[in-house]
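One structure below.
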Amino acid sequence: MTGLDVRGLRRSYGDVPVLQGLDLTVPAGALTAVVGPSGCGKTTLLRLVAGFDRPGAGTVTIDGRAVTGPGVLVAPERRRIGYVTQDGTLFPHLTVARNITFGLPRRERRARHRVAELLELVGLDPAHADRRPDELSGGQQQRVALARALAPRPALVLLDEPFSSLDTELRASTRRAVVDALAAAGTTTVLVTHDQAEALSLAGRVAVMRDGIVVQEGPPAELYRRPGDRGVAAFLGEIVELPARLVEPGSRNGATVLVRPEQLTLTAGGDAGMIAEVLDVAFYGPYAEVRARTTEGTVVRARCPGHLVPEPGARVGISVTGAVL
Amino acid sequence: MTRAVAGAGIRRPPLRHPLRLAAALAVAALTLLPLGYVVAGVVAAGPEGVVALVWRPRVGELLRNTVTLVLLGTTACVVLGTGAAWLVERTSLPGRALWTGLMAAPLAVPAFVNSVGWYALFPGFDGLDAAVAVTTLSYFPLVYLPVAAVLRGIDPAFEELGRSLGLGPWRVVARVVLPQLRPALLGGALLVGLHLLAEFGALQSLRFDTFTTAIYDQFQSTFDGAGATMLAGVLVLLCLLLLAGEAGLAGRARISRVGSGVARRAAPHRLGAATLPAVIALSALAVAALGVPLVSLASWLVTSTSTAFPLAELAGTAATSLGLGALGALATCLLALPVAWLAVRCRGRLAILVERATYIGNSLPGIVVALALITVGIRVVPALYQSTAMLVAAYAVLFMPRAMVSLRAALAQIPPELDDVGRSLGVGPAGVLARVSVPLIARGIGAGGALVFLAVVTELTSTLLLAPIGTETLATRFWSESSELHYGAAAPSALLMIVLSAPAAWLLTRRAAR
Amino acid sequence: MRPARRHLLTAAVAAAVLSLAACGSGATPAAAPSSTPAGTRAADTTLVLYNAQHEEVGKAWADAFTAKTGVKVDIRKGSDFDLANQIIAEGAASPADVFITENSPAMSLVSSRGLFAPVDAATKAQVPAQYSSSKGDWVGVAARSTVFVYNSATLTEAQLPKSIMDLAKPEWKDRFGISPSGADFQAIVSAVYLTQGDAAGAAWLQGIKANAKIYRGNSTIMKAANAGEVPGGVIYHYYWYGDQADGGANSKATKLEFFGNQDPGAFLSVSGGGVLASSKHGAQAQQFLAFMTGAEGQKILSDGKALEYSVGAGVAPNKALKPLAELQAPTVDINALNGPKIVAEMQRVGLL
């Protein structure tokens, strides 16, 4: 079943086109990440899906119900969506509990157990219910924001760069808590982010946006392993260009292939397929990144385990494992 | 910083809010009634009539007087207000709480009471000097309060950053502090300028003529629609100039948010040997603005044979003033809300026009506003004529900017995402307004309401012409007693006005203290 | 919003509504004494008086009238032209029944728009014709004399102006005050134009503009003279008498000079009263006007603190005042006072 279906969405600001006929299908009950560089139109897409803005053309369907389309523009409050912004945007004048129950009908707002349930769902101690937003850390604020978005049991949750304003440590734990909560609630979710690692690690499916359209969409591993073009490949992770020769019969043309740095294995001896001289090494602890120049003059990056780091100037062999992109 | 980057890419197209737009337009239409009245008068006079009435030496004299008063008075208010705010908020001056109260308290003394007080103690004190001095003493808190609030909230990190980049202390003030003060300074200066354009009561005893006093003279001499409306026309032009000037100077400055979420307080500048002169300067200011009128009132009570305290009457009159003040404040804030919202959230040419339109009534004399409402009201809504509702509408037209300035600033502090989040949670626009926006701008509403209340309590002309028959306020009572030279009988009304106004002035300092 | 704040707001609104309700219901506490027998026909009528006269004068008349007839009177106060302008703006829908002023130009203005009803013949007969409208649509209710107030330490009697015309001479430059705005000075200028002719009047007005110090209000001129800020000034007599009666704080050092001698400066201004044509209670309104100009009403005036001259029903003015007969006022037809022309003249020389 389809949770969210977007067809032919267009939006311009003045003469500047931002969305240029975007299509996107999000399966129900799963988390789909929309990833793309800054300015590619991700936030505009979210605002159009939420109904905060009206498109120039195109349709938006949530759970089979057309909410934006020719002659149709359902108000945001009637779309059954949850919306979590970059910094949570908690109502500063309300306590945590009253923030969470904001979207509930009046008679349900007093139900303390619902607040406790939701706080637990997002991994927060129910004792936080009576705190004010400014007494919470950034990560806690984001969790409360998610609890608030989930409280009215929305058909679709929209997350707009929800982790980008958190520092590294909080980010990891908050991500985990949010994804777990969303999985437990079984809500269809769209996560917008410019961080490809976040998209790949959290989402069941990833859509890559560029210049106002979705250029490729699929499970993260597949996208990473089989990007549709060089741009997608480069956006989702580092790439290494290697000169190659097609070995199919009848062909002698030279070509370039793309591989991921982690597909290159360094060997101490010089008996591998390629010989290179180490230029410099960046040591990260568990692993190190090595820059080396091959005998053919190409500079490549490769990763090696932290306990097997070559010295700069050493000659190493490089072999490729796995299929090229 | 990521926030700024992300935010820069998103433009907020105005969602269509037909109801709020309609409400804002209706409010603007109400506040433009007096302008329509003036324009109709100008049109009726015809081009030759206009030339004959406008192109004469007297108008030149009035123009010179009015422009001089507005320029000098506004400058003096800006200098005094900012200086006092800086001394109180950012230096080691002792007794901060006391000074905070004393610097706002002049708002509780009606300008005309202040001027009558000065004139009574110093009979030769008149003309331009006196007009500038007395109006400055009455209105400098309109600059002091917003500037003090910003000074208290400014993140000292900006100043430290300025120093670290090689700027001396004065250049830090000029290049770091003043730009942050700009919206508050300009807002305060605009209010002062508008008040000076429309000031009548304070000037009449100081022998200084401006367009507003001349308009009153015209109306006091005949039914001079033409002569008075022509002068009012020139006055409106001056007001438009002021509004355009403020908008031009403010530029995009008002969009910036100042001082949200500052954790650290700035370390006060040490005054050292300058402490005593600073204390003397502020004391002199307080004595001039508060002491002189109070001493005058006291001397009237003591020396006049007409002194009387008819308690029941005074209590009833004070209750009427209080009630009208509260209703006026409430109604004006309610009416200002959709316009302020439009101006902050859907900033475009229409929004700016609508917002600016609501300032014009404040620059026109009360009699022009009252006559416009009489002319229209008695024909369109005869049932409301000389009802409390119509009087309150006149107050709203006259004092809208006082509410607008506060509401606009408060609304600008609320991130628009709060609205979006509210809507996404299934709450409609009206619900979001009631449950999110209004509670968050409660302080702004309180401040705007307090400013309107202070103005309503001292309003005279519209009250005389539009109030339900038999209504007596402290201001009308003071007017009739003092115009019959019964200063002793007038003094209790003036004192009660000050007593009623004190809590509102106090409320304003509470806001500044945040 | 915290509960405490919400309660405060509720309380404030409630207070506002209550106090307004209170002032609405008690709008005319003095005019409706509880002892008035209810149920009579007269008591069902409420007249609306637009009172530009001194508050206490209008109120004293209204209270006495109510006590006598049971007809209630609601009072709106204001200055002459505030209320005249208001009546004209209101037109036929005006809620006013009766209008009384301090000076005649505002009456002439309302009369010129045809908004007054003819005054009952009996009422007209109570007031000497020179104090009433020749159109018969308003009558004089009181009078006031132009005077020269001076600081007796600064000016000796010999140095005083012999005529108001002298004040246009160069030697009086900056030595006297006038209050050119308002109906009062306009009436004085009109009297000069009428008695001296337009050319002499215009020359005089030019001289006044050059010489006079401008004040707003007669009382401020008197205070200035008292303080020695200006040697003298043109005012109406009762400001001085009133202040003397109130302790003399603003007039101790001053004396009055009556120009007399049929000088235009001895001009006697008339306060008028009229019934609005749009009044729905014409009979009672006429009755009220008759009361004010009759023996009872005029006696209230002459016994009161206002110290204006009574003009109707042969009632003698207050004994403290210089007798009317000694004023030697010039003969001026108050109907001929031409407001618009005088205002244009004052605008031309720049006094307005």
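Every residue gets a Cβ built from N, Cα and C, even glycine.
Pulled from TrEMBL:
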DOMAIN    B:63-244  domain 'ABC transmembrane type-1'
DOMAIN    B:318-508  domain 'ABC transmembrane type-1'
TRANSMEM  B:21-46  transmembrane segment
TRANSMEM  B:66-88  transmembrane segment
TRANSMEM  B:97-120  transmembrane segment
TRANSMEM  B:132-154  transmembrane segment
TRANSMEM  B:184-206  transmembrane segment
TRANSMEM  B:226-250  transmembrane segment
TRANSMEM  B:271-302  transmembrane segment
TRANSMEM  B:322-344  transmembrane segment
TRANSMEM  B:356-378  transmembrane segment
TRANSMEM  B:384-401  transmembrane segment
TRANSMEM  B:445-467  transmembrane segment
TRANSMEM  B:487-508  transmembrane segment
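Of the candidate ranges B:184-206, B:226-250, B:271-302, B:384-401, B:271-302 has the most C-beta pairs within less than 8 angstroms of the transmembrane segment (B:97-120). The stretch with the most CB contacts under 8 Å to the transmembrane segment (B:487-508), chosen from B:132-154, B:226-250, B:384-401, is B:132-154. Of the ranges B:21-46, B:184-206, B:384-401, the one with the most Cβ pairs under 8 Å to the transmembrane segment (B:322-344) is B:384-401.
The transmembrane segment (B:356-378) is not in contact with the transmembrane segment (B:132-154), judged by fewer than 3 CB-CB distances under 8 Å for residue pairs 6 or more apart in sequence. Here the transmembrane segment (B:384-401) touches the transmembrane segment (B:445-467). Their Cβ atoms form 3 or more pairs under 8 Å, with each pair 6 or more residues apart. Of the candidate ranges B:132-154, B:184-206, B:271-302, B:184-206 contributes the most Cβ pairs within a distance under 8 Å of the transmembrane segment (B:445-467). Against the transmembrane segment (B:271-302), stretch B:66-88 has more CB pairs under 8 A than any other of B:21-46, B:66-88, B:184-206, B:226-250. Beyond the transmembrane segment (B:132-154), the same-chain residues lying 6 or more positions past its ends with a Cβ under 8 Å from any Cβ of the stretch are 69, 72-73, 76-78, 80-82, 84-86, 88-90, 100, 103-107, 109-111, 114-115, 118, 125, 177, 180-181, 183-185, 187-189, 191-192, 195-196, 199, 202-203, 206, 258-259, 262, 266, 285, 288-289, 405, 409, 505, 508-509, 511-514. Between the transmembrane segment (B:21-46) and the transmembrane segment (B:184-206) there are fewer than 3 Cβ pairs closer than 8 Å, counting only residues 6 or more apart in sequence, so the two stretches are not in contact.
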